[in-house]
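Contents: one structure, followed by commentary.
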């Protein structure tokens with residue numbers, strides 16, 4: 001790649017020409033030492049896993065998702081940085097711990113043919129990020145692109161070219177194993193479905209998808225009910241996920257060996273987050289609806305029936321019939337209202353089972369991820385379901401699978417699982433303010449700051465590393481200060497701080513001169529440098 005050595009100024013886009021030979025398509029795995037080692041590990045894991053019966057544990061889990069609010073207004077183009085009022089007195093972050101800053105690449109940087117889109121423009125943008133001392137970038141590796149046409153036929157050529165560019169610019173990589181559909185959620189500007197061969201199976205067996213009480217299927221990701229079911233051309237869902245991660249690890253061995261790939265974030269559900277798809281816009285959900293339980297495929301219902309029989313109450317083998325619909329409010333339902341059925345004997349049984357399935361899924365997938373990526377940091381993402389946080393039931397969290405009502409700590413079990421596998425917690429919405437929610441959506445009884453405080457402190461208390469990213473676009477000083485205060489708590493006797501921060505996302509708005517200058521200041525402060 002030919003790159004000019006001209007010194008860059010913020011906001012200046014140099015003309016750079018990059019040339020790369022197309023990488024060959026990987027149609028099968030080479031029988032390398034790495035591949036053989038991974039095979040042996042997985043066989044040992046699979047023998048123990050498939051021979052074990054269902055496990056039902058009285059566990060809880062945490063909640064989260066970003067709110068459906070309008071994007072923050074973009075700052076106009078200007079040569080001067082306007083005075084930005086802030087509710088925070090700006091701290092001097094000089095000498096504070098160094099927190100690496102990564103930037104998410106556009107969702108569609110690789111197209112459905114696994115080709116890199118606009119490589120010259122990408123190189124220009126990456127050069128500017130490099131000049132701002134950004135540590136690296138994050139990229140989604142989409143299952144629906146790589147294994148689209150046939151089982152275990154993987155195409156990595158576009159990603160290989162992208163990784164070569166990132167390496168040439170001496171940046172690091174966070175890679176997301178994106179095992180979900182892209183499209184239909186907030187911020188999605190491209191559509192990348194699940195692999196075509198998976199969709200073909202879904203046409204004849206729609207129970208491979210999460211299903212709501214009305215029988216509506218959600219093809220955004222596969223139900224956790226088939227984690228142990230051989231319904232994917234002879235493989236279980238867990239085997240499919242491991243094979244995908246194994247292929248990536250073998251194909252990009254040189255990038256692991258030279259340290260380019262800093263971290264792997266493992267997709268555990270919709271939007272790569274550990275949660276049920278309880279509030280899909282495609283089914284009419286609008287903020288701040290409570291969402292719906294997603295356990296009505298035949299595999300999860302069979303699991304629920306066994307759990308009820310073990311409990312000794314077979315008539316509990318059903319989902320709640322008074323939990324409302326996607327856009328209900330908690331007080332409108334018999335299940336979620338104050339004193340409602342969520343806190344009855346049946347309600348506690350059902351919510352324990354529902355959240356337990358989620359935790360067991362995370363346990364197994366993270367175990368496989370550590371087999372595939374031994375020696376590399378692994379990360380799991382949780383979103384911030386902050387609406388209805390100030391109610392007793394925390395209804396939106398319950399439908400998402402996070403058993404965190406006001407009389408129960410729902411975060412201990414999930415941080416315990418992450419600690420068990422030495423996995424970093426990636427949590428969102430650090431930039432969001434509770435006061436803004438009171439103004440914009442007073443009826444939602446939301447508290448993003450309270451949720452962030454609870455989740456981060458639960459993780460730190462468990463000894464789990466914490467990373468974060470912003471939930472909505474952020475270009476202003478006030479939002480950045482909010483992130484900094486959470487990233488590096490003031491006067492903390494233990495010196496706790498985020499291990500990394502990932503900025504959402506690279507695009508034309510960030511590259512506007514005024515916005516980028518604010519971003520540069522933010523990066524310096526995250527690094528502990530004087531401004």
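A Cβ is built for glycine as well, from the same backbone N, Cα and C atoms used for every other residue.
The annotation active site, proton donor is assigned in TrEMBL to 273. Annotation source TrEMBL lists active site, proton acceptor at 469. What TrEMBL records for 140, 180, 188, 381, 386, 428, 470, 471, 505 is substrate binding site.
When the recorded positions 140, 188, 273, 470, 505 are compared by the number of other C-beta atoms lying within 10 angstroms of their own C-beta, 188 comes out lowest. The recorded positions recorded for this entry are 140, 188, 273, 505, and the Cα of 505 lies nearest to that of residue 469 (active site, proton acceptor). Ranked by Cβ neighbours within 10 A across all protein chains shown, the recorded positions 386, 469 are led by 386. Here the binding residues for substrate are 140, 180, 188, 381, 386, 428, 470, 471, 505. Their largest Cα to Cα distance works out to 25 Å. Cα separation, residue 470 (substrate binding site) to residue 273 (active site, proton donor), rounded: 14 Å. Taking only the Cα positions, the spacing between residue 273 (active site, proton donor) and residue 188 (substrate binding site) is 15 angstrom.
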